[in-house]
Amino acid sequence: MEKPKFMSKCLVLVALLIACLIINNVESQLTTDYYANTCPNLFWIVRRQMFNALMNEMRIAASLLRLHFHDCFVNSGGPAWQVLLGRRDGLVANRTGANVRLPSPLDDVDQIIAKFAAVGLNITDVVSLSGGHTIGLARCAVFSSRLSNFSSTGSPDPILDASMVTSLQSLCPTSGDGNATTSLDVNSTYRFDNHYFDNLLNNKGLLFSDQVLFSGNNATSTTKSLVQAYSQDSALFFRNFANSMINMGNISPLTGSEGQIRRNCRVVN
């Protein structure tokens, strides 16, 4: 990947967004037409830049989904939806909030549901947004606990498909540094589809927090039926994913004069 070229495109895009925000009228809520007067071509500009970025590095799609997930939870290829605009940047970086509020790859289904409920999201949102793992990669460090001595048993996670255990043990030896990566959605790494849910039905969910949506102790009364429905109906998954992305974007947004518009996304002005 040509990182300098990719970063320059991102910086141009960020600069454009900052300029639009600075000259925009103050709004009190998120709207789809936030930039209608100041940057009427914003959607097409962003779409073009992101398409070019994807051509250089497909993983950026999963990274952007993860960024949206982190930002909304902490500070407040397939489906399409109208994005609500006008969300401003926070004044602090909340590492403690991230560690406490964000679902962990080791959480069971009840813990995941509780963390979603704490920010106003429901079980449909849990399963739909988890389906974002249909694209992207994960490091060995976040799932290697399933490959040996799972829950202090001295053996791998018995739910994880045996052939998958073997291949993952080869990729992630106990002597490794945990930085090797593999697909979150086995056999469908870069395609946004419902294959992720097929994996769960076949005990091939890479993360413990993914597989428990189908196999967890309380999944039958909460998430299992949706996993089954999405595996059979990609259109239903796409619709619900789009709605859940909108719901997540509405978690306590900073609007109007709240927060700030960062000139450098990494630091407060």
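Including glycine, each Cβ sits where the backbone N, Cα and C put it.
Residues or ranges marked as substrate binding site by TrEMBL: Pro103. For Pro103 (substrate binding site), the count of additional Cβ atoms within 10 Å of its Cβ stands at 19 [all protein chains shown].
Under the heading heme b binding site, TrEMBL lists His133. Counting only same-chain residues six or more apart in sequence, the Cβ atoms lying under 8 angstroms from the Cβ of His133 (heme b binding site) belong to Leu184, Asp185, Tyr196, Leu206, Leu207, Asp210.
The Cβ of Asp193 (Ca(2+) binding site) has 17 neighbouring Cβ atoms from other residues within 10 Å, across all protein chains displayed. Sequence annotations record features per position, and here TrEMBL assigns Ca(2+) binding site to Thr134, Asp185, Asp193.
Residues annotated as disulfide bond in TrEMBL: Cys140-Cys172.
As annotated by TrEMBL, domain 'Plant heme peroxidase family profile' applies to 62-269.
Residues annotated as signal peptide in TrEMBL: 1-28.
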C-alpha spacing of Pro103 (substrate binding site) relative to Cys172 (disulfide bond), in angstrom: 23
Count of other CB atoms lying within 10 Å of the CB belonging to Cys172 (disulfide bond): 23
Alpha-carbon spacing, Asp193 (Ca(2+) binding site) to Pro103 (substrate binding site), which is rounded to whole Å: 22
Local Cβ density at Asp185 (Ca(2+) binding site) - other Cβ atoms counted within 10 Å: 28
Cys140 (disulfide bond) and Thr134 (Ca(2+) binding site), Cα-Cα, nearest whole angstrom: 17
Of Thr134, Cys140 (the recorded positions), the residue whose Cβ has the fewest other Cβ atoms within 10 Å: Cys140
